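Trainee: Supplied in structure tokens, the structure appears directly below.
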Amino acid sequence: MVSYLFVLGALASVAIASPVPELKARASCTFTDAASAIKGKASCTTIVLNNIAVPAGTTLDMTGLKSGTHVSFSGKTTFGYKEWEGPLISFSGSNVVIDGASGHSIDCQGSRWWDSKGGNGGKTKPKFFYAHSLKDSTIRGLHTLNTPVQAFSINGAANLGVYDVSVDNSAGDSAGGHNTDAFDVGSSTGVYISGADVKNQDDCLAVNSGTNITFTGGTCSGGHGLSIGSVGGRKDNVVKSVSITNSKIINSDNGVRIKTVAGATGPVSDITYSGITLSNIAKYGIVIEQDYENGSPTGKPTSGVPISGLTLSKISGSVSSSATPVYILCASCTNWKWSGVSVTGGKKSSKCTGIPSGSGAAC
């Protein structure tokens with residue numbers, strides 16, 4: 001169902017002979033079901049999605065919104081169960097604001113799909129949220145629970161700000177959650193993610209391609225860390241000017257991670273990690289490797305995706321006793337600058353190779 005409130009506004013002319021401007025209606029709409037929201041979105045510039053129960057196999061399709069539209073999630077948003085690829089929610093448009101009202105939640109109830117296989121088999125699981133072709137837009141304060149697999153897919157976006165978003169998949173730690181990436185960024189420019197709070201079982205952030213990407217003030221727990229890549233093997237394989245700062249990585253497999261695809265091409269350049277705190281990292285505190293093939297390392301780095309202009313500063317914390325503090329496997333790595341890097345615990349690697357001389361980097 002939907003309710004409309006039309007607000008009429010006009011500009012008055014001060015000149016006696018000037019014509020009266022045309023009145024334009026702008027609608028504020030509250031939707032309580034997905035079908036009405038999808039059908040009525042084009043008539044509204046303020047949209048409230050109130051306690052929406054999205055039917056199984058349906059995308060809550062908020063694509064093609066009018067410029068300047070404000071969409072707010074209110075109450076509890078849920079989704080019916082079906083094995084399909086999704087997405088559960090999709091947005092596109094320019095100058096769009098997407099936010100959550102106080103006390104709202106978007107609960108995917110992912111345990112219905114979780115089987116410890118993620119996107120690698122088992123049940124077909126829907127991705128959660130496509131932020132595709134969002135331009136000059138903002139996502140703020142969304143509270144997301146239990147995504148079946150990946151949460152936010154940011155692709156083809158430009159000048160997108162993502163503020164104070166939480167992704168809580170902590171229930172998946174013991175219930176088979178897998179491949180529950182929080183933010184996957186591809187083919188985008190000017191993406192700014194601030195204040196994210198993530199509990200999941202995969203990358204907190206994965207930048208696969210894009211320029212001018214920032215992640216700052218985040219907390220990442222339970223997953224695979226803050227990642228560049230894997231880079232290579234896609235249509236767009238350029239990663240440039242990425243800044244990851246002032247964030248915490250807790251109880252995760254990895255901390256800082258950069259991985260490129262063996263035999264592929266495409267540059268990774270001007271990457272900064274600064275002010276990163278690590279705690280109880282299970283596998284690698286810092287891992288940089290150019291040897292990924294079919295999603296797994298081969299131990300044989302290739303040079304087709306060079307990593308240049310990598311700055312690490314003020315990276316501190318600890319790894320578990322069985323973990324590796326720093327692991328670097330490079331075939332083409334240049335112009336690095338590391339300072340204030342102190343990762344303690346674990347066992348040092350004796351297999352590092354290709355570290356740029358004079359960079360300050362060490363295993």
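Indices start at 1 and increase along the chain as displayed.
Using N, Cα and C of the backbone, Cβ positions are placed for all residues, glycine too.
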Trainee: Going by Swiss-Prot, which one of Cys204, Cys330 is joined to Cys220 by a disulfide bond?
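Mentor: Answer per Swiss-Prot: Cys204.
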Trainee: In Swiss-Prot, which of these is labelled N-linked glycosylation site: Asn212, Asn294?
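Mentor: In Swiss-Prot, Asn212 carries the N-linked glycosylation site label; others show none in the record.
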Trainee: Applying the under-8 angstroms CB criterion, which one of 188-209, 210-230, 268-290 scores highest with the repeat 'PbH1 3' (239-260)?
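Mentor: Ranking 188-209, 210-230, 268-290 by Cβ pairs under 8 Å to the repeat 'PbH1 3' (239-260) puts 268-290 first.
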Trainee: Non-local Cβ contacts of Cys363 (disulfide bond) (under 8 Å, 6 or more apart, same chain)?
Mentor: Pro325, Val326, Tyr327, Ile328, Lys348, Ser349, Ser350, Cys352, Ile355
Trainee: Taking the Cα atoms as reference points, how far is Cys220 (disulfide bond) from Asp202 (active site, proton donor) in Å?
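Mentor: About 10 Å separates the two Cα atoms.
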Trainee: Please compare the disulfide-bonded residues Cys44, Cys204 by how many other CB atoms fall within 10 Å of each one's CB, and tell me which has the fewest.
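Mentor: Minimum Cβ neighbour count within 10 Å, taken over the disulfide-bonded residues Cys44, Cys204, occurs at Cys44.
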Trainee: What same-chain residues, at least 6 away in sequence, bring their CB to under 8 Å of the CB of Asp202 (active site, proton donor)?
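Mentor: Counting only residues 6 or more apart in sequence, the Cβ neighbours of Asp202 (active site, proton donor) under 8 Å are Gly118, Gln150, His178, Asn179, Thr180, Asp181, Ala182, Gly223, His224.
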